[in-house]
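**Student:** Okay, here's the structure, questions in a sec.
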Amino acid sequence: MSDSASLRDITDFAQALALEAGELIRRERDNNTLRTDYKQQTELVTHADLMADEFITGAIRKRFPEHRILSEESMPDLSQAEELETPLWIVDPIDGTVNYAYGHPQVAVSIAYAEKGRVQAGVVHAPFPGETFRATKGEGATLNGKPIKHSGATVPRDSLFATGFPYTKDNLEPLVKRLDAMIHNCRDLRRIGSAALDICWVACGRLDIYYENVSPWDFAAARLIALEAGATAGHFGDVPAGYPADLYGRDILISAPAIWEPVRQILRSASGYD
Ligand code: IPD
Ligand code: CA
Ligand code: CA
Ligand code: CA
């Protein structure tokens, strides 16, 4: 690790940033008219996404000037994830921007820290319900300081799953096929609107399964939290050779351990991978 900070110090720092950014996000929604814009014509972004991004990335740069940052709103250069030598921060200043703009509570700040492509620390903070999920590698996962664990689900049929859909609607057919297969094989679906919280909810047993195609900032912190809560995390598709799996966002599947393989088979077959 560069700098003399321990991984626990790093997690504390990430948590402090996530809490402060969460306050900013709450304040902006409570006190102001949200200013919204579109990225690539379809994806909503608010002024609070940009303010939170500036605050978090500025604070990381100040404390760890030699580290790299991959952040959705200011530094979304995915090649950062491929360069493994320098420590990397992966930031989603607001995960759940559409929820945020509509006044829904499912909104999170997500901050992860990786060394050599392996995520070592992760914090996901939901400022509206006041819930902070946190994990340091090898030390378990907590929600507001209390240890959490996956649901222990044993069969897909009795499992509740969450997923999401991309902003661009170019190629929805494979997603609809997967959805069809999952709805037929599982108890029910929730589309909550924040990938980071979906995964943290698998970590604490409020959901049994999550799958989606997302970007590293959507899942990097939450994936570690789920793993540290004993859930199984992997991909139902292939990870390109040499790409760090901790940061590869296509075909992610995270679930209670006993159902991971059966669900992987359902998703692979619906995707035409087998
Ligand atoms: C989105 C949310 C959503 C997921 C999308 C993400 P954003 O992130 O996590 O649940 O379905 O794929 O892009 O844009 O709100 O940060
Ligand atoms: Ca996101
Ligand atoms: Ca975001
Ligand atoms: Ca976004």
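Including glycine, each Cβ sits where the backbone N, Cα and C put it.
TrEMBL: automatically predicted annotations, no manual curation.
These came from TrEMBL, pasted as-is:
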type	residues	note
BINDING	Glu72, Asp92, Ile94, Asp95, Asp218	Mg(2+) binding site
**Student:** What binding-site residues in Asp92, Ile94, Asp95 place CB under 6 Å from ligand 2?
**Tutor:** Asp92, Asp95
**Student:** Let me know the DSSP-derived helix, strand or coil state of Glu72 (Mg(2+) binding site), please.
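**Tutor:** Once the DSSP labels are grouped into three classes, Glu72 (Mg(2+) binding site) ends up as coil.
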**Student:** What are the other residues, in sequence order, whose C-beta lies within 8 angstroms of the center of the C-beta atoms of Glu72, Asp92, Ile94, Asp95, Asp218 at the Mg(2+) site?
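**Tutor:** Going along the sequence, the neighbours appear as Val91, Pro93, Gly96, Thr97, Ala108, Ser110, Ser194, Ala195, Ala196, Ser215, Trp217.
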**Student:** If you count the other Cβ atoms within 10 Å of each Cβ, which of the binding-site residues Asp92, Asp95, Asp218 comes out on top?
**Tutor:** Asp92
**Student:** Fewest other CB within 10 angstroms, which one of the binding-site residues Glu72, Ile94?
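**Tutor:** Lowest Cβ count within 10 Å among the binding-site residues (Glu72, Ile94) is Glu72.
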**Student:** Please state whether DSSP places Asp218 (Mg(2+) binding site) in a helix, a strand or coil.
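**Tutor:** In the DSSP reduction, Asp218 (Mg(2+) binding site) maps to helix.
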